[in-house]
Every structure is written in C-alpha cells, then in structure tokens.
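Below is one structure, written out as structure tokens; comments come after it.
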Amino acid sequence: MFQKALWVHTYKQSKYIVWLFWLVSFYVLSYKYYLAAAEQLKYFHEHNEWKYIYRYNYHLSLPDAIIVQGGLLIILACILIGWERQNHSSDILWSMPFKRKHLFMTKWLFGMCNIVAIVILNWGLFAIMKKTTFHNKYQIFSPFHTYFLYMFIILIAIYTLALCIGTIAGNMISQGFFSVAILGFPFILPTLIAGAISIHTVGLISNHPVYTEEHVDRYGSVIEKVSILAPVRGFNINFNYDPQRAYTDQQGVRHNEPNFTYIPSATKLIGPIANILILLPLGIYLYTRSPNEQNGNFLLYPKLKTLCMICCVIFIGMFGGMAAGGSHSIVNYYIGFIGTSTIVYLLLSRLLKFRFSWRVK
C-alpha cells in the first residue's frame, strides 16, 4: 500500500489528469476569488468617480466547483482502473508481488492525498486573499470554512464511488457512464416517480395532476438522504449590500443583513460519509475478486448485465413516457414508454456484447 513503486506507477499513469485537476481547481476557486476582488474594487472606483452609490456583491456556489472537480476525479478513477482493464495492463500489474488490496488502496490514497492538498491550499489562499484584498471590508470568513469542509467530503465520496464502480465495470467508458448515472440518479428519480404517479392517478383522486414541485420535493427529500451530492444542493455563499436584496423566507423571517449565505444542514453530510464508509471496503472486496477474463467488457459480471438492462429499460422508458405524455395523457405516456424502452433494449443488447480492448505491448 505504501510501496514507492506503486505510487510512482500510479502517478505516471495519471499525471496529466492530476495536473489538470490541480490547475482547474486553482482556477475555479482561488483565481476566481482574486478576480472577484479586483472586479469589485474596479466597480468601487468607477462608482466613486461618477458619484454613484456602490453596493458590494459577491457570490460563490459550491455546485459550480463540484461539477468541474468531480468530473475530473471521475476521469482520474477511470484512468486508474478502467483504462488498465481496457488495455490489459492490469494483468501485468497483478502479476507483480503486490496484493490486490494494496493496489486498490494505493489508487484511493493517491486521489485522496491530491484532494486534501488542493482543498487545504485553496482554503489557505482564500484566507490570505480575504485579509489582503478588497473582500476583507465586506466579508466574514466563517462560511468558507464550511464550504471547504463540505467540498472535501463530497470530492472524497465522488472519487470513492468512481473507483468502486471500476471494480464491476470492464472498461473506462462503462465506469464513467455508471459513475455519472449513479450521481445524477437521486435527482432524476423523484421526477420520474412523481410523473408516473400523476399520470395514473389524475381523474381518480382529483381532476388535477399530482405532479407538482411539492410532490417532487417530497420524494426527493427521502431519496437525497443517501445521495453523495445532497449537501451541494443550494449551497451558496452570498454577500450583497443592496437593500433591495432583503427578503422574507417561508417561515416569515425577514433577512436584511448583507450575508445571504445558505448552507445546507450538516445532516446532509450523512449521505456522502456513509457512501465512503460503505463503498471503500466494498471496492476493496470486489477489486480483489475481479475476473480478469472479463476485462474490456461493459460489465465484469454477466449477472449484472441483466440487472443493468432491466433498470435502464424501465427508468429511461419512464423518462420517454413523461416526454411524450407529460402528466395528462396516459395513452401518450405508454406510447412513449414502450417506444423508448424498445429502443433502449435494442441498443443495450448490442452495447453489452461489445468488448473494448487495446493490448499493451
């Protein structure tokens, strides 16, 4: 696990995407934070010059950073496991005197160390720039502590998920596809469920469809408890000194202060933390038992192909039904459902038989 040769091999295998991850992270975080300070200072001087009233405004969204960084971490995981399977270089690696458990843990620790370093360095740069730039007069730094803590936990969870998916996927394409699909599924499923219930109950319970934002949120609140991205939703750091920005929330509380930051409850971190605690040992278990003869296939385990086929046909079919019938016409819903499901079945029947393979000489 701490063999120098394994760490060197892992770095050489992924050095380009790792450096890209570093550069992009500094750009979307520290560099943009500095640019925002310079921009607000420019506006301040321009307003003073023209005798206008200046209103400081700064906005930082956690989803924006997580989408970019999380995407790069998924690519990193695909290179470390999926690409090895696809070009069969894992056969050479597994023939060396290293335990498979140590190989997997090296890949996980390598990614985690990069995540830790990037989060800590950007947090430190934010603290320095807050004290030394135009931001200092208008901001408090406490929300940024929570911002980087949430970011750290979520990025670790995304990377762990992508590595775990690599233990059942036979190539980097399927590994990336399933990683993205599982991350986005908890946000799509409530809409599909609410739409299906609505189309089958309109006219029975009432003359109005039950497919509303309220019902989607109700189902989503249950499903998002196990979602890795649950803490990301709505996380915004917002400092706005415009008096017209004041508002009254749903509880009747008036918000007048310039700090309009919204931080989701810490209980939403249960999802990503639970995923890390479950997926890491599961990934180790599956990696040590991976069937090499299936490398290059869409999935390593034939039984999973049937499960994948059923899930894709049903859920994509539900999406096609909603697109065709909305929440009003049950006939159009089933036409869209059957048509979409048939197309998906035919495509997957061929796709699951493909073998993506490039031999390394």
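Here the Cβ of each residue, glycine as well, is placed from N, Cα and C on the backbone.
Taken from TrEMBL, the feature transmembrane segment applies to 16-34, 65-83, 104-128, 148-170, 177-199, 269-287, 307-325, 331-352.
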- Message: Contact between the transmembrane segment (307-325) and the transmembrane segment (148-170) is defined here as three or more C-beta pairs under 8 Å separated by at least 6 residues; is that satisfied?
- Response: no
- Message: Restricting to CB pairs under 8 Å, which listed stretch, 16-34, 65-83, 104-128, 307-325, 331-352, is in contact most with the transmembrane segment (269-287)?
- Response: 104-128
- Leading stretch by Cβ pairs under 8 Å, where the reference is the transmembrane segment (307-325) and the options are 16-34, 65-83, 177-199, 331-352: 331-352
- Query: Between the transmembrane segment (65-83) and the transmembrane segment (177-199), are there at least three Cβ pairs closer than 8 Å, leaving out pairs fewer than 6 positions apart?
  - Reply: yes
- Message: Take the C-beta pairs under 8 A between the transmembrane segment (16-34) and each of 104-128, 177-199, 331-352. Which stretch has the highest count?
- Response: 104-128
- Item | Cβ-Cβ under 8 Å with the transmembrane segment (104-128): same-chain residues at least 6 beyond its ends | 1-3, 6-7, 10-11, 14, 18, 21-22, 25-26, 29-30, 33, 73, 76-77, 80-81, 141, 144-145, 148, 151-152, 155-156, 159-160, 163, 167, 280, 283-284, 287-288
